[in-house]
Amino acid sequence: MGSGWHEWPLMIFTVFGQCVAGGFIVLALALLKGDLRAEAQQRVIACMFGLWVLMGIGFIASMLHLGSPMRAFNSLNRVGASALSNEIASGSIFFAVGGIGWLLAMLKKLSPALRTLWLIVTMVLGVIFVWMMVRVYNSIDTVPTWYSIWTPMGFFLTMFMGGPLLGYLLLSLAGVDGWAMRLLPAISVLALVVSGVVSVMQGAELATIHSSVQQAAALVPDYGALMSWRIVLLAVALCLWIAPQLKGYQPAVPLLSVSFILLLAGELIGRGVFYGLHMTVGMAVAS
């Protein structure tokens, strides 16, 4: 019982991975629109490096959870049959295709057609990666607190909240501005509203879930307080992002960086609660 902090490597891996998948979609769409000058496009591609740094941190964290890099390779033995193997394989493919394509694009070795293909394929791989994360937990019918609609909603809402902000931050770092960027805060705000509703509904549902030895509501006694802090951090993060725009200013990169850090903190709290809610339907008591 607790807040799930003992699973911090998985918290980092899943939250960072979902934000990176969403952030890549934002940058890819900016490049696919075709209204950026060549030098601006190259700056956007250069700023994609931030995505791969975050993804690298996520994979390092996942290896710490597994204990050694060799276990990561061994976990690929059951691709197609194991949700965990599928998650690691899909994440590795997303990271490899995205990273190698980024390097070739940086070196200007991709033709316009190949670059377009790379962007589209990597966007799809990112979404598949997030879905494979969902399946690791949502396919376990003996864990009723994960075997529900709240798991896919929670994971994809992280992508819809963190992705637009991360993409906006990197586009700003690249010196890109445009009317389409103003749509990104609206996506994150909508995701935050939905996430708040999900938190309340999931909290109410916990009272109805129990095994012969355990009550789901007792797994994270501070569920309400933790989720409240999460929503507050997310709301502050989005306010820091949106407030300057309401006054007609472009948010500064340092302010956007603080905003993204606060968003990560909020989502890590939420993901910790998610792992803290692990329980089984049998006689075992989750620790």
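Numbers here mean position along the shown chain, with the first residue as 1.
Every residue gets a Cβ built from N, Cα and C, even glycine.
Taken from Swiss-Prot, the feature topological domain 'Periplasmic' applies to 1-9 (among others), supported by a curator's inference.
Annotated topological domain 'Cytoplasmic' per Swiss-Prot: 33-43 (among others), in sequence order. For the topological domain 'Cytoplasmic' (33-43), same-chain residues at least 6 beyond its ends with a Cβ under 8 Å from one of its own Cβ atoms are 108, 174-176, 178, 180.
Residues or ranges marked as topological domain 'Periplasmic' in Swiss-Prot: 67-89 (among others).
Marked as topological domain 'Cytoplasmic' by Swiss-Prot: 108-114 (among others). Per DSSP, the secondary structure of the topological domain 'Cytoplasmic' (108-114) breaks down as 3 helix, 0 strand, 4 coil.
If you look up Swiss-Prot, you'll see 135-156 (among others) marked as topological domain 'Periplasmic'. DSSP labels the residues of the topological domain 'Periplasmic' (135-156) in these numbers: 11 helix, 0 strand, 11 coil.
Residues or ranges marked as topological domain 'Cytoplasmic' by Swiss-Prot: 175-182 (among others). Applying DSSP to the topological domain 'Cytoplasmic' (175-182) sorts its residues as follows: 4 helix, 0 strand, 4 coil.
Residues annotated as topological domain 'Periplasmic' in Swiss-Prot: 202-224 (among others).
The topological domain 'Cytoplasmic' annotation in Swiss-Prot covers 243-254 (among others). With DSSP classes pooled into helix, strand and coil, the tally for the topological domain 'Cytoplasmic' (243-254) is 6 helix, 0 strand, 6 coil.
Residues or ranges marked as topological domain 'Periplasmic' in Swiss-Prot: 281-287 (among others).
Annotated transmembrane segment per Swiss-Prot: 10-32 (among others), in sequence order, evidence recorded as a curator's inference.
Sequence-distant contacts of the transmembrane segment (44-66) (same chain, at least 6 residues past either end, Cβ-Cβ under 8 Å): 7-10, 12-14, 16-17, 19-20, 23-24, 27, 30-31, 36, 72, 75, 88, 91, 94-95, 98-99, 102, 105-106, 166, 169-171, 173-174, 176. The feature transmembrane segment is assigned by Swiss-Prot to 44-66 (among others), with a curator's inference given as support.
Sequence-distant contacts of the transmembrane segment (90-107) (same chain, six or more residues past either end, CB-CB distance under 8 Å): 17, 21, 24, 45-46, 48-49, 51-52, 55-56, 59, 76, 115, 118-119, 121-122, 125-126, 128-129, 132-133. What Swiss-Prot records for 90-107 (among others) is transmembrane segment.
Marked as transmembrane segment by Swiss-Prot: 115-134 (among others). Here the transmembrane segment (115-134) has Cβ contacts under 8 Å with residues 14, 17-18, 20-22, 24-25, 28, 31-32, 83, 86-87, 89-91, 93-94, 97-98, 101, 104-105, 151-152, 155-156, 159 of the same chain, all six or more residues outside its ends.
Annotation source Swiss-Prot lists transmembrane segment at 157-174 (among others). Through the fold, the transmembrane segment (157-174) approaches residues 14-15, 18-27, 30, 40, 43-44, 46-48, 50-51, 54, 130, 181, 184-185, 187-188, 190-192, 194-195, 198, 234, 237-238, 241, 250-251, 253, 256-257, 259-260, 263-264, 267, 270-271 of its own chain, all at least 6 residues removed from its boundaries and within a Cβ separation under 8 Å.
Below 8 angstroms of C-beta separation, residues 26, 150, 153-154, 157, 160-162, 164-165, 167-168, 227, 230-231, 234-235, 238, 241-242, 245, 270 of the same chain, each at least six residues beyond the ends of the transmembrane segment (183-201), sit close to that stretch. As annotated by Swiss-Prot, transmembrane segment applies to 183-201 (among others), with the evidence given as a curator's inference.
Only residues 6 or more beyond the boundaries of the transmembrane segment (225-242), in the same chain, are considered here, and those with a CB under 8 A from a CB of the stretch are 3, 161, 165, 168, 185, 188-189, 192, 195-196, 199, 203, 251, 255-256, 258-260, 262-263, 265-267, 269-270, 272-273. Taken from Swiss-Prot, the feature transmembrane segment covers 225-242 (among others).
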Inset, instruction - For the topological domain 'Periplasmic' (202-224), give the DSSP counts of helix residues, strand residues and coil residues. - result: 10 helix, 2 strand, 11 coil
Inset, instruction - Take the topological domain 'Cytoplasmic' (33-43) and count its residues per DSSP category (helix H/G/I, strand E/B, coil), listing them in that order. - result: 6 helix, 0 strand, 5 coil
Legend entry - Long-range Cβ neighbours of the topological domain 'Periplasmic' (135-156) (under 8 Å; 6 or more residues past either end): 14, 18, 83-84, 86-87, 194-195, 198, 201-202, 205-206, 209, 216, 219, 270, 274, 277-282
